[in-house]
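Asker: Supplied in structure tokens, the structure appears directly below.
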């Protein structure tokens with residue numbers, strides 16, 4: 001596996017839509033030769049559509065009406081070939097009858113050699129004219145590829161042969177007959193899987209650890225039970241599209257032996273596949289699987305199958321008596337076509353041999369580096385910076401006469417917390433680059449906001465080292481600059497945290513993460529508002545009487561004492577609440 005595991009991205013990122021070659025607009029000139037859609041599925045064997053022609057003989061220059069018809073289909077590709085050399089290039093050109101549903105294609109730099117659809121709407125009939133070239137082969141056969149769904153299509157459906165008047169009789173080439181293969185049977189599961197024998201007879205991968213799919217629909221469950229020279233596999237997970245797992249030599253995606261259970265309407269298609277990097281999985285024959293069964297209930301997809309431990313004839317199937325990392329992913333699908341999953345796959349912490357001693361293991365959906373990045377940023381921008389700001393803004397008078405290392409205590413506390421914030425940010429900033437090996441292009445605005453926060457976090461302590469003396473005229477400018485940079489950093493950091501929680505590399509539980517972050521913001525703003533109101537009311541208690549220009553301060557000492565106690569209580573309560581919110585996020589990170 002050569003490509004780094006996506007953080008967002010995937011086991012079966014394999015399941016990336018961006019890599020799927022599907023053309024709803026019908027512009028498929030690259031398919032002119034083989035006429036095979038690049039859908040990574042096997043074509044159907046028995047055609048249910050037909051091609052008819054308006055005449056069975058032709059001369060060069062004739063225009064023949066060709067009709068493709070049958071049950072509703074969404075896409076098609078129509079060509080004329082030399083009937084005695086169907087693998088040869090397209091012959092002649094086409095003229096459109098309905099330009100809303102069909103269009104001419106350019107093949108081998110010649111316009112009009114083929115016709116395809118213009119849109120993916122359902123259609124039951126397409127009519128075009130074929131213009132016979134001069135010179136022309138003695139016999140012509142039309143071929144059509146028809147797409148009903150993404151994974152249901154027919155390739156090179158033949159038409160009756162049309163011939164020139166004086167041509168020798170057409171002889172159908174002898175076809176090499178192949179024995180018909182009966183597709184493997186698929187049954188319906190009557191009850192959900194159970195985790196009862198996990199660790200005894202079954203090797204199980206579960207998330208949350210020790211969950212039971214029989215009792216918990218949200219349980220991600222994968223089990224392997226050895227039976228002589230085969231392994232029975234059970235897979236279950238909440239999804240409306242597909243669930244999948246893969247065996248991998250490392251924790252990066254690519255070159256993996258994967259298996260998908262894809263929902264199609266009210267059935268499930270069980271499909272072995274092979275992952276090559278971040279591209280769409282290459283679907284393989286189901287002939288390697290036996291005893292296939294599936295079940296749909298309560299938003300959960302469950303499927304099972306049996307596979308031999310060794311498959312010498314199957315190129316991309318791994319032997320199962322070796323150790324691998326195990327991936328589990330789920331995501332959306334439509335008409336049998338799978339799409340990129342929104343969160344990282346579950347990946348076991350180490351390699352396991354599923355045919356060895358039965359165990360019950362778990363995994364993680366996030367890299368330890370990304371977990372550390374998120375945890376450090378939460379500590380820095382939820383806790384240390386927030387407490388540091390409150391101390392500097394509201395507690396100067398409380399600890400103005402207390403000193404620590406020859407500086408006011410409030411200032412030393414503020415400075416230590418802010419230095420801690422900058423150091424935590426610097427360490428956390430590096431971790432995603434180490435994990436990704438560079439810039440993360442799929443992370444949206446989060447990395448840009450993160451770079452901005454990093455810049456401000458470094459700039460802020462540098463500005464503080466040039467702080468002018470207390471009575472210096474430049475002190476006012478410094479104060480405003482210092483406040484502006486700090487406030488901007490905090491606002492951008494909160495925005496970055498909101499976005500980062502949704503990235504595939506972390507993807508904390510929804511909607512709890514949003515409520516928790518909103519709760520933290522309200523908690524902090526509410527605390528600042530309370531302290532501001534208190535400061536205003538305290539100033540109102542100090543009555544200034546102007547009598548012969550002599551100021552008399554009434555009860556100043558008592559008011560200040562009362563104010564200091566109140567502020568300390570508010571700070572203690574705030575820190576407790578802050579730590580609770582921080583613990584919620586750190587716990588969520590630990591459990592993904």
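Glycine too: its Cβ is placed from the backbone N, Cα and C atoms.
So Swiss-Prot lists the following for this protein:
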{"type": "BINDING", "residues": "373, 446", "note": "heme b 1 binding site"}
{"type": "BINDING", "residues": "414, 482", "note": "heme b 2 binding site"}
{"type": "DOMAIN", "residues": "13-179", "note": "domain 'Reelin'"}
{"type": "DOMAIN", "residues": "335-534", "note": "domain 'Cytochrome b561'"}
{"type": "CARBOHYD", "residues": "85", "note": "N-linked glycosylation site"}
{"type": "CARBOHYD", "residues": "308", "note": "N-linked glycosylation site"}
{"type": "CARBOHYD", "residues": "321", "note": "N-linked glycosylation site"}
{"type": "CARBOHYD", "residues": "353", "note": "N-linked glycosylation site"}
{"type": "TRANSMEM", "residues": "2-22", "note": "transmembrane segment"}
{"type": "TRANSMEM", "residues": "372-392", "note": "transmembrane segment"}
{"type": "TRANSMEM", "residues": "415-435", "note": "transmembrane segment"}
{"type": "TRANSMEM", "residues": "446-466", "note": "transmembrane segment"}
{"type": "TRANSMEM", "residues": "477-499", "note": "transmembrane segment"}
{"type": "TRANSMEM", "residues": "515-535", "note": "transmembrane segment"}
{"type": "TRANSMEM", "residues": "569-589", "note": "transmembrane segment"}
Asker: Near the transmembrane segment (415-435), which same-chain residues lie under 8 Å Cβ to Cβ, leaving out any that are not at least 6 residues past its ends?
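Answerer: Contacts of the transmembrane segment (415-435) (Cβ under 8 Å, skipping residues fewer than 6 from its ends): 4, 7, 367, 369-370, 372-374, 376-377, 379-381, 384-385, 387-388, 391, 407, 447, 450, 453-454, 457-458, 460-461, 464, 505.
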Asker: Which whole number is the mean pLDDT over the domain 'Cytochrome b561' (335-534)?
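Answerer: PLDDT averaged over the stretch: 89.
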Asker: Can you name the far-off residues of the same chain, 6+ from the ends of the transmembrane segment (515-535), with a Cβ under 8 Å from a Cβ of it?
Answerer: 382, 386, 390, 393-394, 494, 497-498, 501, 563, 566-567, 570, 574, 577-578, 581, 584-585
Asker: Nearest by CA distance to residue 446 (heme b 1 binding site): which of the recorded positions is it, out of 85, 308, 353, 414, 482?
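Answerer: Its closest listed neighbour, by Cα, is 482.
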Asker: Within a 10 Å radius around the Cβ, which one of these binding-site residues has the most neighbouring Cβ atoms: 373, 414, 446?
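Answerer: Of 373, 414, 446, the one with the most crowded Cβ is 373.
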Asker: Using C-alpha atoms only, work out the spacing between residue 414 (heme b 2 binding site) and residue 373 (heme b 1 binding site) and round it to an integer in Å.
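Answerer: On Cα coordinates alone, these residues lie 24 Å apart.
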Asker: Would the transmembrane segment (569-589) count as touching the transmembrane segment (372-392), if touching means at least three Cβ pairs under 8 Å and pairs must be 6 or more apart in sequence?
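Answerer: Between the transmembrane segment (372-392) and the transmembrane segment (569-589), which are separate recorded stretches, there is contact, as judged by 3 or more close Cβ pairs.
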Asker: Once the DSSP letters are reduced so that anything not helix or strand counts as coil, what is residue 85 (N-linked glycosylation site)?
Answerer: strand
Asker: Among all chains shown, work out which of the glycosylation sites 85, 308, 321, 353 has the most CB atoms within 10 A of its CB.
Answerer: 308
Asker: If you measure from the CA of residue 321 (N-linked glycosylation site) out to 10 Å, which recorded positions from the list 85, 353, 373, 482 are inside that radius?
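Answerer: The recorded positions close to residue 321 (N-linked glycosylation site) (Cα within 10 Å), listed in sequence order, are 353.
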Asker: Below 8 Å Cβ to Cβ and six or more residues apart, same chain only. Which residues does that give for residue 482 (heme b 2 binding site)?
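Answerer: Non-local contacts for residue 482 (heme b 2 binding site): 460, 463, 464, 467.
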Asker: Report the nearest neighbour of residue 308 (N-linked glycosylation site) in space among the recorded positions 85, 353, 373, comparing Cα positions.
Answerer: 353
